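> Pasting the feature list from Swiss-Prot:
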ACT_SITE  Lys34  active site, proton acceptor
ACT_SITE  Tyr259  active site, proton acceptor
BINDING   Arg129, Met307  substrate binding site
MOD_RES   Lys34  N6-(pyridoxal phosphate)lysine
Amino acid sequence: MNRATATINVTALKHNLSQIKALAPKSLAWAMIKSNGYGHGLVRVAKALSDANAFGVACIDEALTLREVGIKSPIIVMKGFYNEAELSQFARHRLGAVIHCSDQVSLLKKTNLTSSLSVWLKIDTGMNRLGFSVEQSPAVYNQLKTSSSIQKPIGLMTHLADADNENKTFTELQIKRFFSVTEKMIGPKSIVNSAGFFAYPNALVDWIRPGIILYGISPFGINYNSFKEKIEKKFRPVMTLSAKIIAIKNRRKNDSVGYGCTWSCPEDMPIAIVSIGYGDGYPRHAPSGTPVLLNGKICPLIGRVSMDMIAIDLRSQPNAQVGDDVILWGEGLPVEIIAEKAGTIAYELLCKITQRVQFIEIEK
């Protein structure tokens with residue numbers, strides 16, 4: 001019997017990109033496919049999103065993987081390069097680089113490149129992670145402008161730290177800082193991630209950087225409902241994680257279920273054992289009561305998540321059988337709900353799917 005399965009709907013992926021483009025017709029789409037395509041498969045996602053204007057990845061290894069399979073679209077590496085060998089590969093494979101520190105500027109000055117490089121200057125407007133400060137950025141921009149190793153115009157970008165917060169004060173400050181510092185700079189601009197895409201239409205500039213929304217998942221989780229209807233109406237979940245019932249047991253009242261005896265049967269009742277666990281990427285900290293979907297109805301998780309199995313309450317599903325499919329998240333059960341129950345975010349759940357899960361592509 002197959003173990004857990006992640007079904008990837010490539011039609012939904014293409015649909016989501018088309019919706020993004022329709023909602024921001026004046027912007028180019030830089031599709032974020034880092035971290036193995038947010039757990040959906042780097043190459044699979046890139047091939048499905050051939051209509052994206054460019055791809056964003058975290059590191060050079062991801063970019064080279066795409067080039068090796070024949071992806072010819074522009075690719076921008078968010079962390080840039082860190083030595084001369086990497087910089088040479090950027091030029092050889094036509095990779096765009098985000099420039100976020102003085103060491104990278106120095107490398108550009110001293111390295112002889114076979115061809116000029118497309119770069120984006122990262123301006124730190126408040127994320128306080130990577131990038132040049134607002135005060136440093138004009139001088140760095142002027143340095144880059146004089147480099148013969150760099151294609152012109154230079155891209156200008158920032159990253160929003162709090163765009164998914166209903167309190168807009170800090171994000172509006174970041175956007176104001178970015179527009180102010182780049183006012184006299186010439187070059188394409190990029191500000192918004194998925195949350196910013198919905199919440200800050202004034203920041204939909206030359207390039208947008210959709211990430212989690214490409215995969216049909218709200219960047220706001222389940223708590224921020226301002227865009228809930230729009231997201232549910234226009235976007236479709238791409239991944240459905242499912243596993244099969246491998247055993248059905250009738251338990252007595254007060255029988256405990258699973259490690260630690262944390263959950264006991266309130267009455268005589270049937271339970272099902274499902275072939276998925278934290279060894280597959282299902283969150284160990286999902287508590288009893290976390291929903292799963294069985295034959296179109298919600299059933300609650302009971303007891304602790306094991307490495308290879310979970311148990312679910314079958315009292316609402318007396319006709320369930322061994323071999324039935326159980327949906328852990330995806331079509332009909334948003335992953336945002338599971339993330340909330342487990343005290344995490346949907347991004348983490350998607351990225352933690354392990355290698356023993358079988359991936360299947362569908363077009364639906």
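Along the chain as shown, residues are numbered 1 onward.
Even glycines carry a Cβ here, placed using N, Cα and C.
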> Neighbour count, 10 Å Cβ-Cβ cut-off, for Lys34 (active site, proton acceptor): what number do you get?
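There are 19 such Cβ atoms around Lys34 (active site, proton acceptor).
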> Let me know how many other Cβ atoms fall within 10 Å of the Cβ of Tyr259 (active site, proton acceptor).
11
> Return the count of C-beta atoms lying within 10 angstroms of the C-beta of Arg129 (substrate binding site), excluding that atom itself.
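Taking every protein chain into account, the count is 10.
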> Round to a whole number and give the Cα-to-Cα distance in Å for the pair Arg129 (substrate binding site) and Tyr259 (active site, proton acceptor).
40
